[in-house]
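Participant: Dropping the structure in here first, questions after.
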Amino acid sequence: MYAYGGISIVNAIPAWLGSVMAIDLKTYVEVSVCENENVCTYPSPLIETIIDYFVEKYTLPPSRVDIYSEIPQSSGLKSSSAVAVATIRSIIDRFGIYEPSIPRLAAELSKIAGVSITGALDDASAAFYGGIVFTDNLNMSILRVTDFRDDLDVVLLFKGTRKNIDVEKMRRHHSLFKYIFELAYSGDIFRAMTLNGLFIARIMGYDEDIVRRAIELGALAAGVSGNGPTIFAVCREGDGGPLAEYFANYGSVKIVRPARISSGVDI
């Protein structure tokens, strides 16, 4: 089973309201029963928390979890949520279990494991559904899942390392990010994406000039994804060349596609 990575439309930390566009970088997880539970170890507290939940709730045997991910860790591209969602999907598929909401469960277990400040329901929803999602992370509510109309490319710049997150400082900008969320929710996705990306860059100390130059070079939107450090630019399909060339001055570059809503998932 797999789940998607994503880029931020609105960071959920300041106002608890988040929005994410899924991208076609995937995390794949395969779950199997441990032949010998004494040698069944887990690669992270998140995986251990997920396994413990299912073992305790459904009296399942300890499971082996094999992970392959295209999403760089600690990049701002929603890697932890993708791991959580793909692992839960794999367990449910392997053992024939019903859970009413995989994204909500992934968010709750991510908070318990200590890998997310808000639970990142927005990230988990994008990882599960694809498309564009809007969530209220405080109330664990998925507000909307929608697709995008245009054929787009996303140019990613992998630059530097993640900076420390000052939650109190970010939440002082609650009203600003609530406005940005409302802008996105009303349909002005690209403007919201860019405003979010610029303000996150400013608050956290990333390079705003790279984001601004990407817009000058024709990007529809640009910004810092998540809490960084990855910088992205969204453009029409086939128009990513100049952006990729510019980004290459600062680090490694990859062009990916947004991920449309997955077939076979109930919204």
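A Cβ is built for glycine as well, from the same backbone N, Cα and C atoms used for every other residue.
As annotated by TrEMBL, domain 'GHMP kinase N-terminal' applies to 47-131. Look at TrEMBL and you will find Pro72, Gln73, Ser74, Ser75, Gly76, Leu77, Lys78, Ser79, Ser80, Ser81, Ala82 tagged as ATP binding site. Taken from TrEMBL, the feature domain 'GHMP kinase C-terminal' covers 191-249.
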Participant: Which ones in the same chain are close to Ala82 (ATP binding site), with CB under 8 Å and 6+ residues apart in sequence?
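Facilitator: Listed in sequence order, they are Ala3, Tyr4, Gly5, Lys26, Thr27, Ser69, Ile71, Asp123, Ala127.
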Participant: Within the same chain, and leaving aside Pro72, Gln73, Ser74, Ser75, Gly76, Leu77, Lys78, Ser79, Ser80, Ser81, Ala82, name every residue whose CB is within 8 angstroms of the centroid of the CB atoms belonging to the recorded ATP site, in sequence order.
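Facilitator: Going along the sequence, the neighbours appear as Gly5, Ile71, Gly226.
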Participant: With Cβ-Cβ distance below 8 Å and at least 6 positions apart along the chain, what are the contacts of Gly76 (ATP binding site)? List them in sequence order.
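Facilitator: Looking at Cβ-Cβ distances below 8 Å from Gly76 (ATP binding site), excluding near sequence neighbours, one finds Ser8, Arg162, Val224, Ser225, Gly226, Asn227, Gly228, Pro229, Thr230.
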Participant: Within 10 Å of the Cβ of Ser74 (ATP binding site), how many other Cβ atoms can you find? Include all protein chains, please.
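Facilitator: Total other Cβ atoms inside 10 Å, all chains included: 14.
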Participant: Taking DSSP states H, G and I as helix and E and B as strand, how many residues of the domain 'GHMP kinase N-terminal' (47-131) are helix, strand and coil?
Facilitator: 50 helix, 7 strand, 28 coil
